[in-house]
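**Student:** I have a structure I would like to understand better, so I am pasting it below and will then ask my questions one at a time.
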Amino acid sequence: MFNLIMFLTYIFICIITHFQMENAFKYKNGYLFATRIPFSYMEDERVIEILEDGKKKKKIFLFLSLLMAISIWISGGYSVFFFSLFMIIQVAIYNLIIYKCMKDLRAYKKTFIGEKHDYKFTDTRASIEINKERVKPFYYFLLIFLMLLSMSFTLLLIKGQMGFILSFTNFILISSLIFIAFIYRQPVRVYSQDTRINIEKNTENIIKRERDFLKIGFIFCLLSFLLAFILRRDFYNINFLITYVILFGLSVLFMFFKYSREDSKGKTDLVQDEDSYWDIFGYKNPNDRRIFIPSLIFSGNFEINRGNKWGRIIFISINLIVILLVFSIPYFLSPSPYKYDLNENSISIKAKFYKDRIDFKDIKDISLGDFPNVRAVRTNGTSIESQGYGSFSLEGLGDVRLYYYKDCKEVITIKGKKIYMFNEKNKEETEKLYKEIRGTYDKYRKSK
């Protein structure tokens, strides 16, 4: 089942990426493949040839990607490894396809336009008016205060790891919203020689966007208080939490699509050729102080400006983190044998980076029985098709440290300072382990 889920997820990503790539082949606000060309040249024979060649390669790679997906389904315990590997290949190949189109288009552009020319314009009056209307820092600090208050409120109502996880989820969501708002905090642009038009356009593209992000932030801060109340009454019903996260994601996606559509319609009377600043890795302009730049290729996305110091640091850091995460996923999500070390005073259990030592002096009860058929929430652990280990919360029991082979329904339960539930791969081995622990524990009690 796990391999099937990974297979279907990869298929879904391939299809979504294919349609997103369609957006890269569209003429947007004077640009095609981050290259400024007149709209009339979209009907040029050579430009059409470049587009058709890129689309053909894109379709061929989609077909190959769907074929490769089969190996994820039939790879056994290596499905996550193949999934991660194919995702890296997909990103690399699609970028190479776009870069080839970009390179060919710019080579052809030189034949009818020549070398690039830069034009820089300013509208001081429009800049002053727009900067007056920008969202003041006070409101961002107020949003952060409400977020921290919501986190404290959640920790107060919901005890244990689940309370921490809910608080952390709120922190990540609201913080990411503030971060995105700053990414889209665009500079005042010059659209025309008419100051009135510049003020109107910048009000639409700057002021309204900042206020929209802020409104959504306040709405979800208030909803987080309501979520804490609901989960306090029914701790294991995570449908409300899932709904909260989905609503948040849909709200952000709606804004992205809305602004992307507006950006694609945006027109400017003043042309600025910035072709040389865009390459296969994104944007690099040492004269631009911004760190995050709206993408000219994928509407709604952003590029990191590698032309300044902080942009380079962020770009390198993000790529290193992504590479580390991608190659560590197979380790985190691959099966792990449980190692039991039993001695006269304690038992130790280990699975990868999870380790517990249970002292006999702290044990209140040891029992053998079927794994409880109750709702469970993973709070800090790993759950794959064959195993579940780490920290979980089980309805009726609370926080449990789990080392569970799912093919064996029988588990050993030890109650002490914490509740521990563990087993072996089959019933016979689990019963054998239970007898060993029980016998050693009984000897310990008699010696005391």
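Residue numbering: from 1, along the chain as shown.
Note: Cβ is positioned from N, Cα and C throughout, glycine not excepted.
Residues or ranges marked as domain 'Bacterial Pleckstrin homology' by TrEMBL: 339-432. Per TrEMBL, the feature transmembrane segment maps to 6-25, 60-76, 82-102, 138-158, 164-184, 213-232, 238-257, 313-333.
Are these features on the surface or tucked inside, and what touches them?
**Tutor:** Sequence-distant contacts of the transmembrane segment (60-76) (same chain, at least 6 residues past either end, Cβ-Cβ under 8 Å): 3-4, 6-7, 10-11, 14, 18, 82-83, 86, 89-90, 93-94, 97.
Note on the transmembrane segment (138-158): residues 164, 166-168, 170-171, 174-175, 178, 181, 214, 217-218, 221-222, 224-225, 227-229, 231-232, 235 of its chain, located 6 or more positions outside it, place their CB under 8 angstroms from a CB of the stretch.
Away from its own ends, the transmembrane segment (238-257) comes close to residues 166, 169, 173, 177, 180, 209, 212-213, 216, 220, 223-224, 227, 230-231, 300, 377 of its chain (Cβ-Cβ under 8 Å, at least six residues beyond either end).
Beyond its flanks by at least six residues, the transmembrane segment (313-333) meets 78, 80-81, 83-84, 87-88, 281-282, 291, 304, 306, 352, 382, 384 of its own chain at Cβ-Cβ distances under 8 Å.
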**Student:** Could you tell me whether the transmembrane segment (6-25) and the transmembrane segment (82-102) are in contact, taking contact to mean 3+ Cβ pairs under 8 Å with a sequence separation of 6 or more?
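**Tutor:** Yes, the stretches contact each other.
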